């Protein structure tokens with residue numbers, strides 16, 4: 001198990017084992033060009049939340065390809081909540097993990113000494129405990145784009161080019177394109193919200209998996225879908241928490257080949 005500690009507000013983190021390292025925290029990876037790295041001491045940082053996430057199956061010590069884990073991490077990043085990320089090999093789940101997550105599922109987050117599963121429950125708890133900045137999506141907008149993921153999976157798994165699954169996906173994307181055209185740039189207008197943080201990782205998987213396995217991409221006739229994806233994928237919170245392309249491809253392989 002690898003533990004990575006992050007302080008989103010300072011873009012800083014530390015690689016650790018079972019014992020936390022004192023001193024400075026620095027996010028793993030390179031700093032952006034022209035940007036000076038900033039550091040905070042452990043003593044002045046807020047106590048990080050512990051979160052168990054899927055580990056990469058292609059690269060040691062990297063975040064894996066779970067879109068639901070990324071949804072929670074995006075929420076923490078956007079709210080500047082520091083977190084201690086524990087990467088779990090889901091193909092060989094350790095005993096300590098099964099004790100806190102008997103079903104063996106990720107993500108799970110520790111709130112007040114209690115481990116909480118389910119990305120929807122976790123993000124709601126984060127909204128209640130860390131209300132600023134507010135990320136809740138109004139109920140009437142919360143389901144926008146919610147059918148895209150299932151239709152993407154249906155098309156990805158399809159082995160019959162004439163079964164209509166591609167058109168079903170295109171219909172959902174067209175509906176979303178028209179919505180963003182009239183209401184964007186995000187689902188709740190000018191500011192990103194929980195619905196975007198849920199949808200963005202799924203669109204990322206759609207882009208990579210369909211590009212690799214179907215040689216398919218969002219058509220130019222849906223410019224607002226494409227601009228939406230560019231907007232969310234380019235956010236620092238997203239680049240900090242996205243899976244490697246190779247992991248997304250490997251993660252979907254069993255569903256495609258099965």
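Here the Cβ of each residue, glycine as well, is placed from N, Cα and C on the backbone.
Residues 28, 52 are shown; Swiss-Prot lists S-glutathionyl cysteine for one of them, 52. Per Swiss-Prot, the stretch carrying the note motif 'Glutathione-binding' among 42-47, 54-59, 60-65, 66-71 is 66-71. Mean pLDDT, taken over the domain 'GST N-terminal' (56-129), works out to 98 on the 0 to 100 scale. Neighbour density at the Cβ, taken as the number of other Cβ atoms within 10 Å, is lowest among the recorded positions 69, 252, 255 for 255.
Comparing the Cα of residue 93 (glutathione binding site) with the Cα of every entry in 54, 65, 66, 255, these being the recorded positions, the smallest distance points to 54. Reported as a whole number, the C-alpha separation between residue 69 (disulfide bond) and residue 255 (L-ascorbate binding site) equals 19 Å.
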